[in-house]
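> Just dropping this structure here.
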């Protein structure tokens, strides 16, 4: 079995996990904006998410000789380690609920804000729990100022959302007054300056060349609303914020659960039974995540939430539009979580929570792919850059606190 043991290797795992975990939400958001039902996307995603855990367990978990203290993956499957297995599976349950909540929250309040709030809550709650579970191997005088930076980032993210929502409302109000046609207007009736002269390929539609409205304009927002699968016009953004804060609580618990599963701080295992290695814990974690996601999303096919169209399992099986992207999102999330846990086992799970800087990556994709914050007010831009600066500072401080597990 291969284990990451150096501080440098742990930081490398965290950085790679940061990129993976910041990219997969952008792919899911892209599919929702193209009109693919979230139930279909999440069912595809959850299969490859489990596949990633199986691949990690069968490779890293099986490399080398199995020992009494560090048994290989297959050896641990037959051992009496159910207390630790249950901790790992509990972590998978809360992660699945959190991921499902954010998939709907992204539509209501945007990719950037959702990721910042949920990630910051994860750090504030989860990192504090991990610090004490890890017997304080991380440097508190560095760690907790970093946690404070994340807390400030939450407040700034809420302000960014409020300011950006006001900007969008002003754009739509102005457009409606000029055109008197409401959100049902066709593209040809919008002001000419809102449409570029050249024909471009619409990345979000994926349907070839179209005349694409400029990102950030009222026309862009209206066309997006007509295309997407989760309709948000006329609905309170409180729904999105409530889902976001619920997801934040869920995300803050899954890393401590894995910590308990792999290090047995509460001494729940019988004497002589080795602790779960990180790969075995991650397998059980992903298995429970898969089961919960499967049950909930099949239920949502027939009883959808938040006004999403009803579907059937047969319709899901026939829906290949965007399936490859959903599979990719699942792989990225699965490998990202695995790398985070590998780094956390080596350098402390509190420091590994630095991967919660994933909004830096998500905001990049949100601006590049989806035109978030285009043509917004100066106040929104100031708040946005302040939020990102606070995140960068928090990540640096959190990584600097990394210790080494004895």
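Backbone N, Cα and C atoms are what each Cβ position is placed from, and that goes for glycine too.
Since the structure is predicted, the reported quantities are computational estimates derived from the model, not experimental observations.
Take a look at what TrEMBL says about it:
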TRANSMEM  6-30  transmembrane segment
TRANSMEM  42-61  transmembrane segment
TRANSMEM  81-98  transmembrane segment
TRANSMEM  105-130  transmembrane segment
TRANSMEM  142-161  transmembrane segment
TRANSMEM  236-258  transmembrane segment
TRANSMEM  278-303  transmembrane segment
TRANSMEM  324-343  transmembrane segment
TRANSMEM  349-370  transmembrane segment
TRANSMEM  382-402  transmembrane segment
> Between the transmembrane segment (81-98) and the stretches 42-61, 278-303, 324-343, 349-370, work out which stretch tops the count of Cβ pairs under 8 Å.
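Checked against 42-61, 278-303, 324-343, 349-370; highest Cβ contact count belongs to 278-303.
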> For the transmembrane segment (236-258), name the stretch out of 6-30, 105-130, 142-161, 324-343 with the most CB-CB pairs under 8 Å.
105-130
> To the transmembrane segment (349-370), which of 6-30, 42-61, 105-130, 142-161, 324-343 is linked by the most Cβ pairs under 8 Å?
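Most Cβ pairs under 8 Å with the transmembrane segment (349-370) come from 6-30.
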> For the transmembrane segment (6-30), which stretch among 42-61, 105-130, 142-161, 278-303, 324-343 has the most Cβ pairs under 8 A?
324-343
> Taking the transmembrane segment (324-343) as the reference, which of 42-61, 105-130, 142-161, 278-303 gives the largest number of Cβ pairs under 8 angstroms?
42-61
> Counting only residues 6+ away from its ends, which parts of the chain sit with a Cβ under 8 Å from the transmembrane segment (42-61)?
1-2, 24, 28, 72-73, 96, 99-100, 103, 277, 279-280, 282-283, 285-287, 289-290, 293-294, 297-298, 316, 323, 326-331, 333-335, 338, 342
> Sort out the residues at least 6 away from either end of the transmembrane segment (278-303), same chain, that have Cβ-Cβ distances under 8 Å to it, and list them.
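For the transmembrane segment (278-303), the list is 1, 3, 38-39, 42-43, 45-47, 49-50, 52-54, 56-57, 60-61, 73, 76-77, 81, 84-85, 87-93, 95-97, 99-100, 254, 257-258, 261-262, 310-313, 315-316, 334, 337-338, 341-342, 345.
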> In the same chain, which residue numbers or ranges, 6 or more beyond the ends of the transmembrane segment (105-130), come under 8 angstroms Cβ to Cβ?
22, 25-26, 28-29, 32, 98, 143, 146-147, 150-151, 153-154, 156-158, 160-161, 164-165, 228, 230, 232, 235, 237, 239-241, 243-245, 247-249, 251-256, 259, 344, 348-350, 352-353, 356-359, 362-363, 365-367, 370, 372-373, 384, 387, 391, 394, 398
